[in-house]
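What TrEMBL annotates here:
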| type | residues | note |
| --- | --- | --- |
| BINDING | E64, D80, I82, D83, D208 | Mg(2+) binding site |
Amino acid sequence: MLKQTLLQAVEAGAAQLRHFFNGQFEISHKEGINNLVTEADHAAEKAIFEVIRQQFPDHFILSEETGEIIQDSSYKWIIDPIDGTVNFANGIPICCVSIGIEQNGEMILGAVYNPFIGEMFFAQKGFGATLNDKKITVSQKTEVIKSCLVTGFPYTYLDMPNGPLQVFEKLIRKGVPVRRLGSAAIDLCWVASGRFDGFYEHKLQAWDSAAGFLIVEEAGGKVTDFKGHAYSPYQPHIIATNGKIHDELLAVVNGASI
């Protein structure tokens, strides 16, 4: 029932994305001029909440737009109704609904759905990861210099020591292809499916990575914070890789040369 409700909730949110995409909708700003929230974010969130409350009205919810809906429950739903809102607002179909479910503080289920290219990523703790019901695994690259990476940039915090711009410059000066899609959840899923070999980003929120990091781990990858410790979505910085380049990319992010 939990998995079924998760997939129904993701589909309900995605229906709102389809409805509003390339249409007219209200846009407002949060922290930073390009940190947007749209009418579609709120509509998708509402649709997701309705599905969850029908089956699990007592579950805790953490969502990007509403914040915490606190309940005395061992289950927590961590929701990003639109991950990649700037893309969505500009008619770029690289965006998704992302939902992770924790039980007693452990991520047990995750789903990320991009309805515009028809890709549903899903993982259940201990049961592997899938893309449209087909098993996925991470890539086999063994060197950062030969890898294809993906990253994102926060709306603030760019000038910190060994910050996003410095790490990015170091990689591209060595010719490492580094992409920037604009959706951390999709970045993580594309690492899980082997399209990218590694992902790093500074200053994420829990809803950005909750589903995606489980999908990477269940696809055979490795996810840590910038100190190499086991990752929690409540930590701001993340590295997710195929596991084979993890230590090298971790060192680069922390100031080492390539």
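Numbering starts at 1 and runs along the chain as it is shown here.
Keep in mind that glycine also has a Cβ here, set from the backbone N, Cα and C atoms.
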For E64 (Mg(2+) binding site): DSSP state (helix, strand, coil): coil
Cβ-Cβ neighbours of D208 (Mg(2+) binding site) (radius 10 Å): 25
Least Cβ-crowded entry, counting other Cβ within 10 Å, from the binding-site residues listed as E64, D80, D83: E64
Shell of the Mg(2+) site beyond E64, D80, I82, D83, D208, same chain only (C-beta within 8 angstroms of their C-beta centre): I79, P81, G84, T85, S98, S183, A184, A185, Q205, W207
Neighbour count (Cβ, 10 Å) for I82 (Mg(2+) binding site): 31
